[in-house]
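Asker: One structure follows; several queries about it will come next.
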Amino acid sequence: MIENRRGLTIFSHTMLILGIAVILFPLYVAFVAATLDDRAVFETPMTLLPGTQLLENIKTIWVNGVGVNSAPFWLMMLNSFIMAFSITVGKITVSMLSAFAIVWFRFPLRNLFFWMIFITLMLPVEVRIFPTVEVIANLKMLNSYAGLTLPLMASATATFLFRQFFMTLPDELVEAARIDGASPMRFFRDIVLPLSKTNLAALFVITFIYGWNQYLWPLLIITDVNLGTAVAGIKGMIATGEGTTQWNQVMAAMLLTLIPPVVIVLAMQRAFVRGLVDSEK
């Protein structure tokens with residue numbers, strides 16, 4: 001039992017407040033920069049008081065983008081959403097069916113196949129990414145949604161998590177389904193899926209954020225500005241050489257990019273937390 005000491009309470013709350021301040025201060029600076037005009041954002045030191053140009057900056061990047069040959073930011077956001085949602089649905093579908101087959105079907109070398117999937121976690125991304133790009137290029141899938149999403153739909157981690165959960169389900173459920181004459185897919189649809197809802201919610205949130213925050217993969221696969229994603233697009237807004245970066249518009253784009261993941265987390269936070277807790281049981 002932890003003693004309720006006043007000094008310990010003050011210390012822990014102080015550290016909590018400091019941690020929150022460290023995390024939120026860069027976001028506040030980005031928000032302030034997004035509200036300033038082109039002149040004020042380059043003042044040294046930059047003011048920490050919000051300006052009045054937030055909506056104007058958002059409107060500019062939303063319709064026109066930033067820089068030369070830049071796509072409208074709404075199109076980048078749409079591409080990011082399509083990519084994140086497709087990866088999420090595909091990853092959950094592939095992982096659930098793979099884990100279901102490994103746990104409930106009896107076929108030769110099924111455990112070997114699982115460990116072959118699992119061992120891919122030991123390979124760094126840098127080792128896997130360039131052979132994957134070569135495959136996508138040979139399949140003529142560069143500059144396409146298929147090239148953006150299909151290679152990221154397989155997940156050893158998600159397959160492992162679903163496998164561990166399925167192994168906790170009692171064998172009596174399988175026997176009851178067999179007695180009722182249920183097919184494997186009916187057993188999956190009517191019994192396994194409802195029992196997996198909390199795990200699905202947790203994995204949906206994690207995978208959506210993973211897909212939304214993809215940076216390196218879109219840079220390697222996409223050269224068409226109209227297929228660019230928001231995260232990679234922000235990097236393209238930063239001028240190189242003698243160009244001048246419109247930091248107020250870049251920060252406005254960053255704030256817009258934060259909205260979808262935050263909405264997903266807030267909308268599914270209860271199911272997300274419950275899924276994480278259930279996965280540890």
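Glycine too: its Cβ is placed from the backbone N, Cα and C atoms.
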Asker: Choose the correct range: of 58-78, 142-162, which one does Swiss-Prot annotate as transmembrane segment? Give that range.
Answerer: 142-162
Asker: With the transmembrane segment (202-222) as the reference, find which of 16-36, 85-105, 113-133, 247-267 contributes the most Cβ pairs under 8 Å.
Answerer: 85-105
Asker: Which range out of 85-105, 113-133, 142-162, 247-267 gives the transmembrane segment (16-36) the most CB pairs under 8 Å?
Answerer: 247-267
Asker: Thinking of Cβ pairs under 8 Å, which stretch from 85-105, 142-162, 247-267 has the most of them with the transmembrane segment (113-133)?
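Answerer: Result: 142-162.
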Asker: What residues elsewhere in the chain lie close to the transmembrane segment (142-162), defined as a C-beta under 8 angstroms and at least 6 residues from its ends?
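Answerer: Those are 79, 82-83, 86-87, 90-96, 98-100, 102, 114, 117-121, 132, 135-136, 196, 199, 203, 207, 211, 214, 217-218, 221-224, 227, 229, 279, in sequence order.
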